[in-house]
Amino acid sequence: MVKINIIAHCCAQNLRKLPANPRCYVLGLFLIGVLAEYILPISNFSHIVQIPATPWVFPYLALDPRLLALIMLGIVFLFCDAPFIDSHQPYVIIRSGKKNWLLGQIAYIIVASAIYFMLIFLVSVLFLLPNITFSSEWGKVLGTLGITDAGNQFNVPLGISYALQLNYSPIAAMAWSLLMAWLVGTFLGLLIFVLNMRFTREIGVVVSTALVFLQYFCFEAGGFLLYSFSPVSWANLNMLDTTYTSALPSVTYAVSALISLSLILILLTALLMRKKDIDVLPPV
């Protein structure tokens, strides 16, 4: 019998383990270093021109294929130990039941993915301090970097797309960018979970890593049709067609595909769990 409180407890138990996991600190330091490289120059530019920047930097992070790959590889690193069966889990499974435990692990992937991207957004805002102002508009700093070549002149490595500013308001861009990143992160986590459960940990990591780099290949190849088969690319709002007039995948297509793929993976986990023996796995 499915019990929400037991599912929530299994999910919360995994979340509580994260602060004690050295892998999370390695991931955190890595992301801080990468984000500092891309965002601090915007803060420096803002300081030089004496105009505060607005906090809407997060949507631009996914527009850079290299940076998007690094961020999504963080998701792979975060969930590489799926299906999260340590020495304590067999007792939890016996007390909770396989179904409740499994739903708890799925909930953990969904919640942890959301926390991951919210923390990236928070860090991106912190790196703009103290040269920041809150506004519902893109602001002069991001507008100038999007329209002119000031980014090259002041060594700002993060590309600020004017096309994104034309197609989305800041709030809409933030909402869609966080949603798409969260859906992609959840999909990758579930994919790793299924493959690691069916095969070995190496298979899940290799396949998910290949999908992360597929978006980089699509960018280099430049074929719009390729993006329809690259789920990680859908976190890049510039690679989604909002007008339904190009060969790029539409927002509707991307959202529907990610939700459908995630549901299929959830069903596969249920089927695999019925036949799988519980093996304790060493920590990663």
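First residue shown is number 1, and so on along the chain.
Cβ atoms are placed via backbone N, Cα and C, with glycine included.
These numbers come from a predicted model, not from an experiment.
Under the heading transmembrane segment, TrEMBL lists 24-47, 67-85, 106-129, 171-193, 205-230, 250-272.
Here the transmembrane segment (24-47) sits apart from the transmembrane segment (205-230); fewer than 3 CB pairs are under 8 Å, leaving out pairs fewer than 6 apart in sequence. Long-range neighbours of the transmembrane segment (67-85) within the same chain, counting only residues 6 or more positions beyond its ends whose Cβ lies under 8 Å from a Cβ of the stretch, are 14, 23-24, 26-27, 30-31, 34, 38, 61, 105, 108-109, 112-113, 116, 120, 158, 181, 184-185, 188-189, 192-193, 196-197, 201, 204-205, 208-209, 212-213, 215-216, 232, 235-236, 278-281, 283-284.
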